[in-house]
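Asks: Residues or ranges marked as repeat 'Solcar' in TrEMBL: 15-95, 106-234, 262-350. Taken from TrEMBL, the feature region 'Disordered' covers 159-181. Residues or ranges marked as transmembrane segment by TrEMBL: 205-227, 260-285.
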Amino acid sequence: MAPSKTTTSQSQDSHVAFSNLLASSTAALSSRLCTHPLDTLKTRIQVSNSPQGLIPTFVELVRARALYRGLPIALALSVPGLSVYLTTYDLAKDRLSRQFESFGTDTVRNHMMSGMIAEVCSGLFWTPMEILKSKQQVENMYSGAYSPGAGKTGKPVLSSISSNVSSSSQSPASTSPTTTISTMPKYTSTMSLARQIYQHEGFLGFYRGYFITLGVFVPYSMIYFAAYEQLKDMAWRQLHSSSKQDKRSRLIGQDAHEEYVLPFFAIMGCAAVACGFAAGISNIVDVVKTRWQTSILSTTEETSSTRRIASQLFRQGGFASFTRGMGARIMWMVPSVTISMSTFEWLKAHGFTGALAS
């Protein structure tokens, strides 16, 4: 007995969903592995109490062997986070165009609304990742740097977790040349940090700053996808100006023929330009969000709310303080998004297995 059309359609949908899952997982892993050091650099600069140069901060991170701090948890949660983000965007874009006539598949309104829905859903994975990753990335920052537990002097408050300084009552014999004293800072493991957060703030501690995170990334995603889709359309028109195919056939998708798929480097260019524009605009709120999340377990009066953090930033350097780390953030986000989006789009368009074989 021949299989029904419904069964065949369900099988095809399952294959497409699985292929997209593999594509998004590959995109997340490759993007995070390549760009995590830039993320660490961005985070350190944003939480500093004084302007920090890119090169000196990078050198300090290299010396402290801290470039890849927070990578394990970032890898673990980036995969489901990006999968939900990209899959939800595609589904929302399709459903909105079907349910509401005004939300056509290729309208800016659709792209912005779909980006917002994708960000709200994926934030359930991104927020815990940011909490744990960012906290590890800023551990043991040296003099002049911001510490969540620091007072107005900016001097970090040492804790039993991060202190590697000997007590003043140490005997002279313990500092003899025959005794090796470690000068490398000790870091908190991901599991230890997670336990401390749960013990102090409960499960909701992992979602500290969820709404301000949405305040950063919902506008970012809306701007990004609107610009990205428009740039893809412009690129297609430029490359295939003589084509009279229906506009829908130009979209990159599982059923798209290779003839209608943008070249890989064209996708990269569109993603890079769109991301750079959106990342620069959303940096203002991102600085406050990063400080708020990294103050967990060591909250002071000055870091007890996002409003007070914003006030402290303004006192430190006016509006310029809210642009702190903007260059580093763009340096991190542009390659990160470019790698993840181009990898996802290419694998999705050609089919995961077929793309790897080609």
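For all residues, glycine too, the Cβ spot is worked out from N, Cα and C.
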Asks: Take the transmembrane segment (205-227) and find every residue of the same chain, 6 or more past its ends, with a Cβ under 8 Å from one of its Cβ atoms.
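Replies: Residues 89, 108, 111-116, 118-120, 123, 126-128, 130-132, 194, 197-198, 273-275, 277-279, 281-282, 285-286, 288-289, 292-293, 296, 306, 337 contact the transmembrane segment (205-227) from elsewhere in the chain.
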Asks: Taking the repeat 'Solcar' (15-95) alone, what is its mean pLDDT?
Replies: 87
Asks: When the repeat 'Solcar' (15-95) is classified with DSSP, how many of its residues are helical, how many are strand and how many are coil?
Replies: 67 helix, 0 strand, 14 coil
